[in-house]
Amino acid sequence: MRGRRIPLALPNTGTLHRKRNTYYLRGIIVITIVIFLFLQLHAFNFPESHDPLLTEPTNDSVDAILSMVPSVLHKFLTPKSRNQTLAANLQHNGTVLNGGGSVSFLDSYHPPNISEIKRQIAKYNDMQIVLNEYTFGPLQNDSVIIVIQVHTRIIYLRHLIVSLAQARDISRVLLIFSHDYYDEDINDLVQSIDFCKVIQIFYPYSIQTHLNEFPGVDPNDCPRDIKKDQAIIRKCNNALYPDLYGHYREAKFTQTKHHWWWKANRVFDQLEVTRYHTGLVLFLEEDHYVAEDFLYLLEMMQRRTVDLCPQCNILSLGTYLKTFNYYTYNSKIIHRISKRRPLEAPKFNSDKFHEVEVMPWISSKHNMGFAFNRTTWSSIRKCGKHFCSYDDYNWDWSLQHVSQQCLQRKLHAMIVKGPRVFHIGECGVHHKKKNCESNQVISKVQQVLRIARKSGQIFPKSLTLTVASLIKKTKLRKGNGGWGDRRDHELCLNMTLPIR
């Protein structure tokens with residue numbers, strides 16, 4: 001008969017303790033690896049603290065910004081009231097002020113009323129006066145036309161003008177300022193430009209000149225958020241046609257798209273000085289800032305499209321600072337990075353060649369500082385119905401819709417990797433902030449360009465094409481809405497006149 005088994009305690013060999021320690025050790029190793037990888041990624045995205053090029057302090061005071069600008073250009077950054085401008089003009093013309101036997105206008109200036117603004121707009125658009133043409137000569141067919149869309153942000157515009165004034169070969173271009181708001185201080189600023197030819201055009205269907213009627217806000221317009229059935233009962237304007245999201249028209253958002261389409265038609269097909277021009281037209285906005293070699297690089301890109309990218313029909317010079325990396329402009333840092341990641345590092349350094357890449361034009365990435373010629377415009381123009389009826393209040397999304405749905409030859413862009421056009425606007429249609437001062441962003445841009453100069457990346461001798469990372473085929477996108485009103489469609493289409 002078997003005896004009963006009596007359990008005996010095993011000797012303490014430390015196995016459980018060792019297993020527990022092993023788990024702890026593995027956990028520590030994993031955490032260490034994660035921290036190490038994070039620090040490595042952090043090093044690629046931010047300047048190294050010991051690099052003198054990148055540790056220069058950013059001073060965004062007015063004096064510091066002025067110190068970066070030649071004194072001869074300070075006049076563009078110095079605000080002047082309309083009275084000061086009138087006084088200067090009167091004295092320049094020999095008119096004696098206040099008690100000198102002649103009339104004084106200093107105490108009698110008043111802003112123009114709507115009727116006077118309409119008359120002035122019609123006069124400017126009819127006369128088509130090119131300022132400084134006698135000084136710089138007529139527009140040449142190989143010269144660049146720069147079209148600047150202007151609203152009311154004069155502070156940003158001042159800095160854009162200063163940056164343009166410092167660009168090489170700026171005297172050869174024609175600057176076209178396209179306004180959707182009549183402001184005499186802005187007019188005085190633009191008309192004070194003395195470094196190239198200038199012409200002003202005025203969008204004639206602005207909210208400013210149509211306060212209580214379409215394309216402004218008509219008193220009978222449907223409120224944005226009213227339900228369609230309620231709108232029909234109310235019989236407000238366009239009740240049958242809300243946008244994709246059930247909202248009704250907001251004039252302040254529709255104006256920008258109208259203005260962009262109008263100015264493109266105006267420049268390519270209607271202005272006498274430009275309607276036969278076959279060279280590049282570069283599109284900028286009032287809150288952009290350019291590098292001194294932007295024209296040099298643009299013309300180099302145009303020459304190299306033949307061999308680098310025959311299918312390219314848009315050249316893009318811009319980027320947004322949030323997506324921009326300082327390393328692009330620092331050859332020393334690039335050389336250090338290339339030792340770690342040779343397949344991904346930019347290759348331009350001592351040979352002074354600059355990288356460009358090619359990809360389909362994407363509205364959210366390539367809508368700033370881009371240029372195309374009359375051939376490309378002719379294709380876009382034929383697709384005007386797609387542009388004008390697409391339910392999206394953004395002109396750039398509408399242009400991408402044209403490329404995807406209408407153009408036989410899609411929009412392809414050659415993009416410069418080291419940007420030459422920067423966005424300095426902190427506030428605008430889509431961005432509302434408590435602090436709209438431009439100084440901080442201007443200072444950052446100046447620092448970027450200072451790094452570019454010190455690292456020898458300005459005025460490269462040649463271009464090299466890099467293979468862009470694989471981009472998924474762009475899906476057809478649903479519009480952002482805001483463009484369901486049939487009146488907007490009709491107005492937009494009527495801006496494209498038959499070719500004579």
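The backbone N, Cα and C atoms fix where each Cβ goes, and this holds for glycine too.
Annotations in TrEMBL come from automatic prediction, not curation.
Note that this is a predicted model, so its numbers are computed, not measured.
Quick look at what TrEMBL annotates:
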type	residues	note
TRANSMEM	23-44	transmembrane segment
BINDING	Q149, V150, H151, T152, R153, D180, Q255, T256, K257, H258, H259	substrate binding site
DISULFID	C222-C236	disulfide bond
BINDING	D287, H423	Mn(2+) binding site
DISULFID	C309-C312	disulfide bond
DISULFID	C383-C406	disulfide bond
DISULFID	C388-C492	disulfide bond
DISULFID	C427-C436	disulfide bond
Recorded substrate site residues Q149, V150, H151, T152, R153, D180, Q255, T256, K257, H258, H259, farthest C-alpha pair in Å: 19
Spatial separation of D287 (Mn(2+) binding site) from C312 (disulfide bond) - C-alpha basis, Å: 27
Of the disulfide-bonded residues listed as C236, C309, C383, C406, C492, the one whose CA lies nearest the CA of H151 (substrate binding site): C492
Cα proximity to C222 (disulfide bond), best match among binding-site residues R153, Q255, H259, H423: Q255
Of D287, C309, C388, H423, C492, i.e. the recorded positions, those within 10 Å of R153 (substrate binding site) when Cα atoms are compared: D287
C388 (disulfide bond) and C406 (disulfide bond), distance between Cα atoms, whole Å: 13
Spatial separation of C492 (disulfide bond) from H259 (substrate binding site) - C-alpha basis, Å: 9
Neighbour count (Cβ, 10 Å) for C492 (disulfide bond): 23
Winner by Cβ contact number (other Cβ atoms within 10 Å) across the binding-site residues H151, K257: K257
